[in-house]
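Okay, structure first, notes after.
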Amino acid sequence: MNTVKIILAGPRGKMGSEALRLIEKTENFELVGCIDRKHNGMKLKDLEGFPALDAEIYTNAEEAFQKVDADVLIDLTSPEVGYKHTRLALENGVRPVVGTTGFTKEQLVEIESLVEQKELGAVIAPNFAVGAVLMMQFSKWAAKYFPDVEIIEKHHDQKLDAPSGTAVKTSELIKEVREAKNQGHPDEKETIQGARGANDDGMRIHSIRLPGLIAHQEVIFGGTGQTLTIKHDTYHRQSFMSGVKLAVEQVQKLNVLVYGLENLLE
Ligand SMILES: NC(=O)C1=CN([C@@H]2O[C@H](COP(=O)(O)OP(=O)(O)OC[C@H]3O[C@@H](n4cnc5c(N)ncnc54)[C@H](OP(=O)(O)O)[C@@H]3O)[C@@H](O)[C@H]2O)C=CC1
Ligand SMILES: O=C(O)C1=N[C@H](C(=O)O)C[C@H](O)C1
């Protein structure tokens, strides 16, 4: 088993700290650097409450990629920063595994063309939890028969992007098979703006943000005399880690951009 040398961006975050535990317990994963907004020049092991890993922390991402010999970047930060890190990684010959959500369509296209130019693999996965991937695939299947659909995603109130990356990916998969149509009554009017949620090709997406939640999504389909609800709930961020591990292992064999974990699952 070859050792995979990893730079982690966002090690103090909710996902980043789970990823640290994953790296620590995976025999052939080695943390060679961290990108953070704090603690420049310190070693991770010198921070209280962090695993005893020797990796140096860089607040300047460019410096991290230039100084550290790494195979893979795991990015779990925020939309703008994650995009910048993904580009920098590719420009410096490092394969990105990106969990960060909120990239625009244009940014995804730019990353794809950089991946092609550099002939390097990259994985961008809006959701690393296998259950969520299945929920999206089942939704795509159902949309073929039920074109009336509303996506309700619920997250903790610290989330920066709305709709969630999972909801965006779900709607993209649904749009591959759903006959485009405007849902609801043609004359419906919102008396409070936003009441009907975001309009995506006529289907509706609703984003709920509340303390206490982690990550949850319901996809509700309506047909004559029936509804079908496909639902996934995340109760612990550990649920994402088998997907992160798979992506890190697989990205090294790739020379294309893979968008969505479903493309790596057997
Ligand atoms: N694909 C998936 O399966 C999942 C994806 N996500 C996505 O992952 C991302 C992170 O989520 P989560 O862990 O909950 O968020 P957190 O806010 O807990 O963590 C983000 C971390 O990134 C850090 N950060 C912000 N700016 C920079 C920067 N310039 N350089 C380095 N680090 C920076 C933050 O630092 P500070 O604390 O100082 O702000 C923070 O520690 C989000 O985009 C989320 O949507 C989340 C769960 C699952
Ligand atoms: O911010 C989160 O927490 C999550 N973000 C991802 C998303 O935007 O879909 C994945 C998961 O829903 C948790």
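Just so you know, glycine gets a Cβ as well, placed from its N, Cα and C.
Here TrEMBL flags 4-128 as domain 'Dihydrodipicolinate reductase N-terminal'. The NAD(+) binding site annotation in TrEMBL covers GLY10, PRO11, ARG12, GLY13, LYS14, MET15, GLY99, THR100, THR101, ALA125, PRO126, ASN127, PHE128. Marked as NADP(+) binding site by TrEMBL: LYS38. Residues or ranges marked as domain 'Dihydrodipicolinate reductase C-terminal' in TrEMBL: 131-265. Annotated active site, proton donor/acceptor per TrEMBL: HIS155, in sequence order. Residues or ranges marked as (S)-2,3,4,5-tetrahydrodipicolinate binding site by TrEMBL: HIS156, GLY165, THR166. Residues or ranges marked as active site, proton donor in TrEMBL: LYS159.
TrEMBL feature annotations superimposed on the structure.
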{"residue": "GLY10", "record": "NAD(+) binding site", "Cβ neighbours (10 Å)": "25"}
{"residue": "ARG12", "record": "NAD(+) binding site", "Cβ neighbours (10 Å)": "16"}
{"residue": "LYS14", "record": "NAD(+) binding site", "Cβ neighbours (10 Å)": "12"}
{"residue": "LYS38", "record": "NADP(+) binding site", "Cβ neighbours (10 Å)": "10"}
{"residue": "PRO126", "record": "NAD(+) binding site", "Cβ neighbours (10 Å)": "24"}
{"residue": "PHE128", "record": "NAD(+) binding site", "Cβ neighbours (10 Å)": "24"}
{"residue": "HIS156", "record": "(S)-2,3,4,5-tetrahydrodipicolinate binding site", "Cβ neighbours (10 Å)": "14"}
{"residue": "LYS159", "record": "active site, proton donor", "Cβ neighbours (10 Å)": "17"}
{"residue": "GLY165", "record": "(S)-2,3,4,5-tetrahydrodipicolinate binding site", "Cβ neighbours (10 Å)": "21"}
{"residue": "THR166", "record": "(S)-2,3,4,5-tetrahydrodipicolinate binding site", "Cβ neighbours (10 Å)": "25"}
Helix, strand and coil totals (DSSP H, G, I; E, B; other) for the domain 'Dihydrodipicolinate reductase C-terminal' (131-265): 44 helix, 39 strand, 52 coil
Residues that sit under 8 angstroms from GLY99 (NAD(+) binding site) by C-beta distance, when 6+ apart in the chain: MET15, ILE74, ASP75, LEU76, ALA125, PHE128, PHE240, VAL244
DSSP helix/strand/coil residue counts for the domain 'Dihydrodipicolinate reductase N-terminal' (4-128): 49 helix, 28 strand, 48 coil
Neighbourhood of ligand 2 - binding-site residues from GLY10, ARG12, LYS14, LYS38, THR101, GLY165 with Cβ under 6 Å: THR101, GLY165
Cα-to-Cα gap, HIS155 (active site, proton donor/acceptor) vs GLY10 (NAD(+) binding site), nearest whole Å: 19
Recorded positions near ligand 1 among GLY10, ARG12, LYS14, GLY99, PHE128, HIS155 (Cβ under 6 Å): GLY10, ARG12, LYS14, GLY99, PHE128
Cα-proximity to THR166 ((S)-2,3,4,5-tetrahydrodipicolinate binding site), 10 Å cut-off, over recorded positions GLY10, LYS14, LYS159: none
